């Protein structure tokens, strides 16, 4: 016998696997890796001083875009056809006479850009609640309109240059397609299987469990819940869920839309306060498929939004999904519980508003979170 004392499991110290029921995949959690020194890539901090109106910015009111069209002097949300769309409604069909190893299908759709606000120097957490409600209402309107025809309507926001955003003006994109993309198709399959086995929507049951446990909750209200999911891959990834069974964003009541605006502002304020920068992320909404699927029973679905921020240690050090993540499986460097605690304990007053109230405020401060 070795005589070694048995070590009890500690998720903060011992690597382990966690199951993602939305994708039927596993993520490797290796929180002890945060102790290693970092001498790798350091990103350029986000632009701090963005002009409210830049005559050369194609998204600002009254400015000319790449296709020669002039934006109206909008004072709320502004929607237009993407000048460089990935999907077009009239693309030809590749044909069906194909080898099984070289298959292709027709891909058709529309791509739209939606500006949240006429000012370039604001983001969602800095907008007024009613301004955010107008964004939500426009999202719902687009799902209703485009979803009448297209099977999938993807609303997504890439925030920050680190996430590939080429323009600092507050905006998102909406792509509608004649096919169900890979991620929602996988999510549809997993949610359906769970519902058939357990008789309750997966994410409705999950929200109830998380609301009771509290350890991964970041912000919550009577209608909404934002958590770092148990299976999170990105360091400060969050999942935003309604407490009521809701299939699509256009099914939300007026009260729920107001509550959504409020909890989005709270969550995104905490993101910005983490490293006192305009926090980069990619986010998007997933709801029940539309178009021909509107006639089907989609009770296994639950509306939800994913937030995927890349930052890990500071405003300039991000998580890289390379090597093992690309070739084996997803891996994260701190537990979801640690991430949720960090976010939960942050103030809900935006650091920029606080600085404006302090004498000598507005200085360029960059904090590093110590694990």
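Including glycine, each Cβ sits where the backbone N, Cα and C put it.
TrEMBL lists region 'Disordered' at one of the ranges 320-345, 346-371, namely 346-371. Taken together, the residues of the domain 'Galactose-1-phosphate uridyl transferase C-terminal' (190-354) have an average pLDDT of 96. It is 30 Å from the Cα atom of residue 325 (UDP-alpha-D-glucose binding site) to that of residue 171 (active site, tele-UMP-histidine intermediate).
Other Cβ atoms within 10 Å of the Cβ of residue 83 (UDP-alpha-D-glucose binding site) number 13 in total over all chains.
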